Amino acid sequence: MGCKTLCFGLTLILFAYYIYTPLPENIEEPWKVGVIDALIKTTSLTATLLENMGLIGYAELFSMLLKLDQTVLISDENITVMDTKFTDIPVCLYLPKKKSESQRRAVIFIHGGAFVMGSCRQMAYDFLNRWTANKLGAVVVGIDYRLAPQYQFPVPLEDVISVVRFFLQDNILAKYGVDPSRICISGDSSGGTLAAKVTQLVQNDPEFKNKIKAQALIYPGLQVVDVLMPSHRQNEHGPILSRDMAIKMGCLYLTKDKALPQAVRENQHMPHGSRHLFKLVNWSTLLPEKYRRNHIYTEPIIGKLNSSYPVLLDSRLSPLLATDSQLEKLPLTYIITCEHDILRDDGLIYVSRLRNAAVNVSHDHIEDGIHGALFFMTTPFYLHVGIRISDKYINWLEENL
């Protein structure tokens with residue numbers, strides 16, 4: 001009995017050691033963030049064990065749990081909420097009830113979730129889009145694009161492009177009373193990835209290029225070329241999003257081959273013929289000095305992966321690989337980055353490149369921000385930092401859209 005108790009106790013200690021991550025000193029509500037971080041790491045460990053046993057895929061467990069957080073879309077006294085489809089892609093449509101004397105603004109919102117989980121029906125996203133529609137008197141479209149690993153790249157991107165092009169048709173905008181000169185595409189995390197790329201593609205499409213006034217990107221992931229940037233090193237263990245979790249889920253967007261995430265962890269995943277792209281994401285020249293700190297730049301190692309993935313050179317996967325001439329055409333841009341986030345440097349580099357291309361950019365850096373904060377705006381995981389970020393986002397839209 002004593003031996004069993006001792007073993008159980010040691011197991012608990014080892015488990016606590018595994019999931020515990022010291023939090024930065026400036027984190028607001030550290031006990032809440034610590035609990036959320038521990039729950040996520042516990043889920044990650046459980047998912048890894050179940051996958052190794054052949055019972056369930058790593059991302060599948062996260063996806064199943066997030067479905068428990070999805071809400072039934074209902075209208076309220078201010079907003080009519082419609083569960084409909086645009087070109088066979090499910091969307092959540094938020095329409096203000098109050099009559100407007102002029103045409104309305106519109107926001108197309110693309111949810112995050114590492115391309116493998118999540119929905120615009122999550123409680124936090126429903127709350128955000130409802131709040132946006134009410135505060136701005138705007139039509140809001142939330143897109144439920146198909147998810148990996150069942151639908152891998154470029155299917156999610158194509159779904160989003162399909163919805164955006166459908167919505168931007170003159171007859172559809174007229175149907176919902178939308179001003180065609182006051183439309184924004186926005187997204188958080190992987191949704192920010194999709195929003196950035198869709199905006200690039202639309203701005204290069206003669207039929208639609210004048211219909212996007214702005215883009216808003218909230219802690220976006222914008223490249224997979226170099227995964228050893230300073231923010232990856234500083235925030236390797238989180239909080240919330242660890243480097244290992246991001247790599248596991250991000251690779252599922254492309255393949256189920258276990259060789260790819262292993263190569264990505266070592267920054268040895270880029271194929272031959274990719275070196276010319278490194279300058280577009282070179283943090284040693286594009287990252288503000290403050291964020292480089294004492295880190296030493298080394299190029300990603302080329303050609304180590306036995307299987308070749310030419311998709312890694314595709315700017316549809318990494319919006320930061322767009323050329324300067326492509327960036328010059330982009331509309332008014334708002335970017336939010338968070339200090340304690342492995343994706344921080346992607347957003348900071350995009351700010352630098354857009355400013356170098358003379359694009360009008362507004363940037364807010366949240367010094368105590370964490371990745372995924374928008375997701376924690378509703379009970380039971382309410383975080384003030386999520387509300388602060390959503391306030392900044394909506395206030396910027398109100399002033400600029």
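Backbone N, Cα and C atoms are what each Cβ position is placed from, and that goes for glycine too.
Positions annotated as active site by TrEMBL: Ser189 (among others). Cβ neighbours of Ser189 (active site) (same chain, under 8 Å, six or more residues apart in sequence): Gly112, Gly113, Ala114, Ile218, Tyr219, Pro220, Gly221, Leu343, His371, Gly372.
The feature active site is assigned by TrEMBL to Asp341 (among others). Listed in sequence order, Tyr219, Ser231, Asn235, Leu241, Gly369, Ile370, His371 are the same-chain residues at least 6 apart in sequence whose CB falls under 8 Å from the CB of Asp341 (active site).
What TrEMBL lists as active site is His371 (among others).
As annotated by TrEMBL, domain 'Alpha/beta hydrolase fold-3' applies to 107-257 (among others).
Mean predicted confidence for the domain 'Alpha/beta hydrolase fold-3' (313-373): the pLDDT average there is 97. Under the heading domain 'Alpha/beta hydrolase fold-3', TrEMBL lists 313-373 (among others).
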